[in-house]
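Enquirer: Pasting a structure here, questions to come.
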Amino acid sequence: MDLDKPSVWGSLKQRTRPLLINLSKKKAKKSPSKPLDLRVQHHLDRRLSLSVPDLLEAEALAPEGRPYSGPQSSYISVPNSLSTAGIVPKSSSSSLKQSEEELDWSQEEASHVHGVDTDSEEIYASPAEEWQAFSQSALDLHKPSLGRDAPEEHDKTHGNDDLNASMTSQHFEEESTLGEASDCVSHLPSPFAYLLTIHLKEGRNLVVRDRCGTSDPYVKFKLNGKTLYKSKVIYKNLNPIWDEIVVLPIQSLDQKLRVKVYDRDLTKSDFMGSAFVVLRDLELNRTTEHILKLEDPNSLEDDMGVIVLNLNLVVKQGDFKRHRWSNRKRLSASKSSLIRNLRLSESLRKNQLWNGIISITLLEGKNVSGGNMTEMFVQLKLGEQRYKSKTLCKSANPQWQEQFDFHYFSDRMGILDIEVWGKDSKKHEERLGTCKVDISALPLKQDNCLELPLESCQGALLMLITLTPCTGVSISDLCVCPFEDPSERQQISQRYAFQNSLKDVKDVGILQVKVLKASDLLAADFSGKSDPFCLLELGNDRLQTHTIYKNLNPEWNKVFTFPIKDIHDVLEVTVFDEDGDKAPDFLGKVAIPLLSIRDGQPNCYVLKNKDLEQAFKGLIYLELDLIYNPVKASIRTFTPREKRFVEDSRKLSKKILSRDVDRVKRLTLAIWNTVQFFKSCFQWESTLRSTIAFVVFLVTVWNFELYMIPLALLLLFLYNFLRPMKGKASSTQDSQESTDVEEEGKEEEKESEKKGIIERIYMVQDIVSTVQNILEEVASFGERIKNVFNWTVPFLSLLACLILAITTVILYFIPLRYIILLWGINKFTKKLRNPYSIDNNELLDFLSRVPSDIQKVQYAELKLCGSHSPLRKKRSTV
């Protein structure tokens, strides 16, 4: 058959081509994501297509070719001149260049264009066939002889890109990466292909929207009326610091980026002002700081504060144009696979393994100027890790004496940001000074004592920074499990053997966690599925599995190892549902204390809710293995616990407040019952019980020695150890009581919803009133003790001095044992001597006569002034 003559089927296609194009245009309007696919039919010669190199001329063309990075890349370079453009395939072994004959051939055959239908059932093709078909379609798109068809298809593809440009920054990056990894052609950057990097830094002097004189601000970034990003909420702060970075895709520069600030409340968000940025005024490839003044035409405030942010506008590099092949089944399979791989790599990117620990000891401040602040504290930040020191009263040389541990990564050590903050009497926070430390410039395994001068403030901070390498953290598959290798396990066990107890005391042990699978998870998506992944937390150490998409019974089969710094830490395994650029949805959680781990045994754990108090939907299968040194663990027990990273402060919750009040009541009731038991012994309510108690008291006090105190505590431990079943039953009963309390709380909430808001207010008022009374009693007791020694009431102070003098003489001549015996005999025989006597505590009775500070003000006598004379007032009325 002569290949130069078109077939009958080809001639029929050639005649019906205008009708097919018009039909495809109508379909493209309905579904702009499906562009028209055109092919060119070429005469076959000794090569398969233009994109396949002529191996006979490869040696002659190689010196003139262009370099190529590797065979795995599918990027094809297209020159700017489309009329003479040749598509050059790249090879890892040689570089090729098109000859003039090939260019003439490509131009000559540009007129033979018609649509080609491929087999839709073929999902996979050979690499040569993929390269041939792709290069053929790429050539068609750049032939000048296509006339109107090529620009129309180009516009359709750009319309599709316009739709993609309105997505979030995370999806935008995934699509661009997908374009690079799939078969595509490079074009000049499109006018809408911009990326805007926003660094939301802080707010200053924002308006008050809460009754307490503060606000809970957060920021929204809007473009064309759509919210592209929402920041986190900073509670009770008029000078919030967000320090958040987001990358947004920009469709056109003829737009305004709206920045709106809101105050978060329980029912609605109050508006705190807005500002805008004209995108066309931004300079390309340059980071500029913008201080945006907030305004609200409906508000009476003149100054609503400012928002400080950095903006950087860049042209998106590598703006590729994707073309859908007619083989839709094959494209959808490859696209979904690529997206899944991209999401997987993104998830694994978050699981960076740290290489060591940065131990920072905040010693003190020197000559720190606090201004009108009454309290001071320090914030430390390294990447996403944050710590906050304890708050001290204002002092020129505050002594913090605190230690914080950061993770460091060898590839990005980063800068340690240190900020000194102050609080005034109204609890408004203000940044006093800052300083920075380049961690990469510090030597390893060495204590670095640094005195860091503060910027924008007088004074300095004295700190001790130590960098210690860490090798105990890893993520692997089940086939390369570290503890499965006997030699490696023996080596790890030897490292934590008893003879190495005094070597590297901070390295207590190592934990291996096998995250096997989960089952029957909660469906978080509208499709009835979830995209679950696991987050493992041990103290401040966090590792994460990859995401299993569209599955309620995922199998991760990953192995994680953690270095143990405290044997009393708790491993928290949380299952989340990945939700794109939004916060992940909660699917369940389980907490496992390290000391409760049974080595090497697979366990099935029932997932709990966020508060870890009730069962949630789903199960998770874990296998835990723990190796540690008991001596190191014991030494670590008597050192301060590791501080947790700074998290968002918890807001007032009626449920939590009520629960805590009930807990205090139960403890107080237990103490009160113990006191009542001793009082019943003194009151001789039961003759047998009081007699036994009196005899035990006499024998104990007469034979008492100091070593008997720890011995009595040991007997208490032994008593509880010999009755484990009863102890377990009591603990189970306590947990059931807590669950019952929660169920009662839920029922009360339902009832309160029926009763209305008045009952809720009364319930909260009752709780707050109880807390208020307890605090008042505690404060009054402490103030009365202080006022005894301050001679507030001279009679009581003189009486106390007389009693203390007599007590001193008695203790000097009479042993303490006899004094306690006399006191006990008096207590036990008081009811026998006087059956109608009222039991009392003499010390508390004495202190009740001393006024508190509030009573001192109430009892103080006001001086009579002439203007306040009652006679003068009567005369003025006359």
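Every residue gets a Cβ built from N, Cα and C, even glycine.
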Enquirer: Can you match one of Asp520, Asp525, Asp625 to the Ca(2+) 4 site that Swiss-Prot gives for Asp577, Asp579, Asp585?
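Expert: Candidate listed by Swiss-Prot for the same site: Asp525.
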Enquirer: Between 20-40, 209-229, 251-271, 356-376, I'd like to know which one Swiss-Prot lists as region 'Disordered'.
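Expert: Per Swiss-Prot, the stretch marked region 'Disordered' is 20-40.
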Enquirer: Of the binding-site residues Asp216, Asp525, Asp531, Asp577, Asp585, which sits closest to Asp263 (Ca(2+) 2 binding site) by Cα distance?
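Expert: Considering only the listed binding-site residues, the nearest one is Asp216.
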Enquirer: Please report how many Å separate the Cα atom of Asp216 (Ca(2+) 1 binding site) from that of Asp577 (Ca(2+) 4 binding site), as a whole number.
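Expert: About 28 Å separate the Cα atoms of these two residues.
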Enquirer: In angstrom units, rounded to an integer, how far apart are the Cα atoms of Asp579 (Ca(2+) 4 binding site) and Asp265 (Ca(2+) 2 binding site)?
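Expert: Rounded to a whole number, the Cα-Cα distance is 25 Å.
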Enquirer: Distance between Asp531 (Ca(2+) 3 binding site) and Asp577 (Ca(2+) 4 binding site) at the Cα atoms, whole Å?
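Expert: Cα-Cα, rounded: 5 Å.
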Enquirer: Given the binding-site residues Asp525, Asp577, Asp585, state which is nearest to Asp265 (Ca(2+) 2 binding site) when distance is taken between Cα atoms.
Expert: Asp585
Enquirer: By DSSP, how many residues in the domain 'C2 2' (334-452) are helix, how many strand, and how many coil?
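Expert: Its residues divide into 20 helix, 62 strand, 37 coil.
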Enquirer: As a quick check of your reading of DSSP, tell me how many residues in the domain 'C2 1' (177-292) are helical, how many are strand and how many are coil.
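Expert: Its residues fall into 8 helix, 62 strand, 46 coil.
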